[in-house]
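Residues annotated as active site in TrEMBL: His310, His356, Asp411.
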Amino acid sequence: MASALRLSNAALRPALASASSPARSIAFNGLRAYSSAQPKSLKDTFADNLPREIEKIKTLRKGYGSKVVGEVTLDQVYGGARGIKSLVWEGSVLDSEEGIRFRGRTIPECQEVLPKAEGGQEPLPEGLFWLLLTGEVPSEAQVRALSAEWAARAEIPSFVKELIDRCPSDLHPMAQFSMAVTALEHESAFAKAYAKGMKKSEYWAHTFEDSMDVIAKLPTIAAQIYRNVYKDGKVAPVQKDKDYSFNFANQLGFSSNKDFLELMRLYLTIHTDHEGGNVSAHTTHLVGSALSSPMLSLAAGLNGLAGPLHGLANQEVLNWLQKMKAGVGSDLSDKSITDYLWSTLKSGQVVPGYGHAVLRKTDPRYMAQRDFALKHLPDDEMFKLVSQVYNIAPGVLTEHGKTKNPFPNVDAHSGVLLQYYGLTEASFYTVLFGVSRAIGVLPQLIIDRAVGAPIERPKSFSTEAWAKLVGATL
Ligand code: CMX
C-alpha cells in the first residue's frame, strides 16, 4: 500500500501510454458530439482522479487507522460472516431498508441522470460502469465513446469460440460461460506484463485494459452459448455504431423489438453491483487480491453467481412459477397460491426470489422491473401471477417465521420480463446476470489495483480453537 500511496499523476502516465486503446481512433457514425472534439476518456478520467482518491485513503488511515469499527460475535463467525464489516467497496453501498445506491445514487436517480439510447428511457449500462469506476456521471458523448470502444473490442479469439462450440448442449450455460471467460486469460495484458515484470504503479492500467476487453467480449460469448444451445449456432456480427445492449440483444436474436432493447439496458444496469459482500462480488475481489488476471477473477465470481442461493435464483423463479401454474391449472386463486407456497416450504425448499442476506424491504431492483412491467406488459398473465405472489408470499414467509426478509429480491421478477419477449430459456438467465455483474465488479478490481489493495487473508480457527478463545468447554 505504501508505495502505491506515493503515486502521482506523472508516475501514472507511462502505464497509460503503454496500454493501447484501440477504439480511440474509430469513428462512431451518426453521433454528434465528438467528431470534432473527443470527450475525455474513461481511462484519463480515472487516472486524473486517482491521486486524489489515493490521498483520501492515506489521510483516512493516517488519522483513524487504529479506530475500532465493530465487534464480531461467535454467531457471526458461524453465520456466514453476516454483518461483519471488513471490506472496502467504492461503487455501491446497500442499505437494509432503502436498498442499493450506486456512488450515492438510487436506481431511479440513475435512471434519471445516466445517458440513454436515442429515443430511449432506460439508462445505458456503459454509463453505470463509468459512474462506478470514477464516481462521476458521464456525458452523453463519453458514454457513446465507451459504447464504441466496447464494440471495437467485442471479437473473441477463435479458440474461445471453438471451445464453446465443443461443449455438450446439456452443459449448463453458466459452466460454459465461466469456462470461456477463464480461457480469455490467454489474452490478458495484465498476466503478460506481470510475467515480464512490471511495477505496482502499472498494475491498474493493465487491469483496466483487460476489464474493458473482457466486458466487451462477454455478449459475444454469451450469445454464442445461447445460439448453440437453443438456436442455430449463428451469432450476428457486432455493429460498431450501436450500444452494448443493442448489440447483445441483436447477437441473441432479439433486436427487432424496441421494448426488449430497453429492457436489456435496464437489466444490464441494475444487475451490475450490489456492494462488495455478495458471493460474486466478494469472490472476484478475493481472487483478484492474489493478482490473478481480471479474466480469472471474474470467472471465479461467475462460478459463485451460478449458485441457486445467488444468481441462479432467477432461473429457479421462472421454473417455480411454471410448476405452480402447471400444478394448480386454471385455479390461480389466492388460496391455491398460498397452498403452493406452503408446499414449497414444507418440502424443505426455499421460495426462490424471496429473502436477502442484507435487505429487509422489497428490493428496489425488483421495483424497477415491476415498474417496467406495469408500463410495457401490464396484462401479461405471468406478470399478473408475479404480482399476485408478491401480495401473498411475504405473509406466508412471515408466518413460516424463518426468513429475516419476507420480501422479493431482484430475481423474483427478471425471468417473467424476459419470457414475455420470447427469451424463454430459463437456464440461460444467470448468464445475462453474469454479463451485467462483470460491469459492476470489475471497476472495483481496477480500483483495488490502483490503490494497491493487499492480498486478502482473514484469520480462521477450528471449533476447538474458537471454544478456547471464548472460554467454552466442549
Ligand atoms: N424461503 C424459505 N426459507 C428462507 C428463505 C426463502 N426465500 N429465505 C431465507 N430462508 C430461511 C433460510 O434458509 C434460513 O433457514 P435455516 O435457519 O433453516 O438455515 C432462515 O430463513 C434464515 O435465513 P436469512 O438469515 O433470512 O437469510 P440468509 O441471509 O441466510 O440467506 C438468501 C439469504 C437470499 C440466500 C435466502 O433468503 C434465500 O435462500 N432466498 C431464496 C433464494 C434467492 O432468492 N436467492 C437470490 C438472492 C439474490 C441474489 O443473490 O441474486
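Just so you know, glycine gets a Cβ as well, placed from its N, Cα and C.
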For His356 (active site): DSSP state (helix, strand, coil): coil
Nearest-integer angstrom distance between the alpha carbons (Cα) of His356 (active site) and His310 (active site): 10
Local Cβ density at His310 (active site) - other Cβ atoms counted within 10 Å: 19
Other CB atoms, at most 10 A from the CB of Asp411 (active site): 27
DSSP three-state assignment for His310 (active site): coil
His356 (active site) CB neighbourhood, other CB atoms within 10 A: 21
